[in-house]
């Protein structure tokens, strides 16, 4: 049985003054589905995210959201003042629905689920560490965990593997795939990498003001050339081959615009 969409965007257009940044964008996000939105810098990805999150209204077009939709958002990165005494555990607790909760308060209804998230993302050994001292890959797992704390129906990940090496990307993609399978949430993942995407992605959307193309990723981790360059153990990584429409799409693959 087909479930109702979590978010449906129809014919979205947006401009800042005389500059058009989104042109006739339509997309649908469902539960149990991973959609990867790719495009160069300046393609309109951040603006589209803000519209989907209801932070800004489009110049024209319509966005329909499931009633009471719970959204978890993972930002690209955060900056925490080095002088702030903030542990990983306390950082996660600040994301709870009720500020009186703690991760290990046995009286809360969410305790089991919180423990599951921490265990799933292998954060137990990091809970007492200062948040400022964790590595880039560890921080991404922490941000992902915090986005999951309110049991979202839709998880939006903004550049989740930015600044993470290929091994770290593979591990994070593995966690994201497990989250989709375990919790059944829809996932929208945003990336400026125009070729390398998560293998478990159900659909890739290529944005450059308009949707240039869409399709499925092709696995490349088993190819001899890929293994020679990166080694083995990167089964979560895949390649997306672009098939652009007849409208102008000016980005150069393999490079990002300034």
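Every residue, even glycine, has its Cβ placed from backbone N, Cα and C.
Under the heading domain 'ABC transporter', Swiss-Prot lists 7-233. Taken from Swiss-Prot, the feature ATP binding site applies to 39, 40, 41, 42, 43, 44, 45, 46.
All features noted in Swiss-Prot, drawn onto the structure.
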residue	record	CB count, 10 Å
39	ATP binding site	25
40	ATP binding site	21
41	ATP binding site	12
42	ATP binding site	15
43	ATP binding site	25
44	ATP binding site	21
45	ATP binding site	23
46	ATP binding site	15
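When secondary structure is read from DSSP and collapsed to three states, residue 45 (ATP binding site) falls in the helix class. Mapped onto three states, the DSSP output places residue 40 (ATP binding site) in coil.
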